[in-house]
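Q: OK, TrEMBL features for this one:
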- 12-31: transmembrane segment (TRANSMEM)
- 46-66: transmembrane segment (TRANSMEM)
- 73-96: transmembrane segment (TRANSMEM)
- 116-138: transmembrane segment (TRANSMEM)
- 196-226: transmembrane segment (TRANSMEM)
- 248-272: transmembrane segment (TRANSMEM)
- 317-336: transmembrane segment (TRANSMEM)
- 348-367: transmembrane segment (TRANSMEM)
- 403-422: transmembrane segment (TRANSMEM)
Amino acid sequence: PVDFTSTQENRWSYAFAFGAVTQHMFTLILTTRNPLPFTLPPYLEVFMYMAAAIKVGVACMPLFICLSTSHQLLGGVLGLLYAVFWFSLQMWELVWCSDSTADKGGLRDYVLHHEWLLDLPNLLCLGFLVCRFGFQIVKDVLIWMKKLNKQDEVTKEHYKYVERLLRRPAERSVQKSWFQKNVYEWDPYFKFPNRIIATVVLSFLSLYMIIFLEQVVTLFFVNIFYDEWDRNLTELILLSEHVNYAKYIWYVTSACAAFSSLIHISQVLVYYRKQIKSMWAGEKKYLPKNYKLSPNVSLGGLLQYPGYQIAFTLWGYLILHLAMFVGGLLFVYMVVHPILAHGFLHWLNYLIIVLANFFVVLALTGLQRMLIHMFFLQDKNSPLDKDKPIALNNRKVFHNVNYFLFFFNVILGLMSCIERLMKSTAVGLMLLSRIERAIMPRGFENLDTSYCTWLGMIVADHHHNNPVLLCFCHLLHDHTLRKVQTGEGTFLHSERPEKLRARARWLLMYTLVRNPTLILMRKQAQKNRNDTEFAFAWAVANTSYTPAI
């Protein structure tokens, strides 16, 4: 029902169709209802989740079929009826059935009191689909009445992209604003595929739902705490201060984690466009150095990426929120609470006593750098140089200092190791939901399966949606059809096979001479890397030349 490989039509319609079923997807994660008529043993529960996922997919399939069918009028009518039915059913359940399915005073009852906020994105997406199917019906009726011309949705962006490549670049560079330089620059020749749009929309909606549930559950337990301790006023006064600390830290860190997750979701669009355009240009700077292309991994990444991105967004928010909450508690009880209880000077004195050794280590590290800069580096070769050259001065003194600091630097290394661990943990937590960036160090990227999924998806998109290849295939297809229609492609009017073969080889040789880098991409060159012909081709390809367009 949905083409996630190459189509770019109805991108937002597909995205809102997925948004309309976000709540059902969320139900798969939070509940364990068995859709099968029998009970499975615990070690086979994965099949229960598979059956539940298939059930949700079958229930939501009519929406996508009605959007993708070539019979626009029939698809619009059936899709409109199905979307209106879903919208009416959810409104009926929200208004009339919420009070009858919950235990009074329990967590479910408290959540259902705020369920309209949880269902709001779902209802808005269904409302959009109702309008979309209505517009589809009106448009098809106008086309049938010949009051509107039918426009074929072709990949116009691909043609414009290739046309820009063939155009001479502008002599003057366009002045860009700060937002275009540092945040995002709109490209009229690029269009995101529906897979990326649907994934981003689902990530936003899933993040909204998990934040809403988290805050509602938190508020429920906070209210229970105050209700229980309200009977004993003395104990409430003693604990209320600490509860307020935890509550405010929880809300502040929730806002920070949510803001960070929103930025990470937005960065998916930026990094996807940057990396896919780099692949189109023939550059592979975003791929790991030892990355080996595997068709299985590439197609697997194309299948797995949307689900992985949504799941990593949810897990990234929860884990980052918990880590920020713990860090906030440490900050409050190590800084804020002592200052409020004993005063700033008392806290500063205690901090100096505790961190005196750490400050001494920092001072000695800075002293080493200052000595190196002042005594052990030669002067600049030119006053215009930014730094001094890496040339030793006062060698004998340097050797003596190096000897005595050899043992002390072991202690500095211990402190640096702890600092490295803390920085790596912080960066890893911040980048947990960003699967477009590898958390593993260089050389170990293959251990990061989520990053390999991203790379596979990018490579598969590059092979299926390269604008130059698509335009070439379209031109070749049109040229072949034209030859068949005019009779030039029949055997009666064709030349001898020997002449055709000779012409094809001549064209191949001419293309390779004008574009030497293509020689290295041929399968024969990959097999014969030790031959002198390959060495000659590599030397020619790495010399300056002007490629033919």
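Yeah, the Cβs are placed from backbone N, Cα and C, and that goes for glycine too.
Whatever TrEMBL says is automated annotation, not expert-curated.
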Q: Mind checking which residues reach the transmembrane segment (317-336)? Cβ under 8 Å, same chain, six or more beyond either end.
A: 207, 210-211, 214, 245-246, 249-250, 252-254, 256-258, 260-261, 347, 429-430, 432-433
Q: Among 12-31, 46-66, 73-96, 196-226, 248-272, which stretch has the highest count of C-beta pairs below 8 Å with the transmembrane segment (116-138)?
A: 73-96
Q: Please work out which recorded stretch in 46-66, 196-226, 248-272, 348-367 has the most C-beta pairs separated by under 8 angstroms from the transmembrane segment (12-31)?
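A: Answer is 196-226, with the largest number of Cβ pairs below 8 Å.
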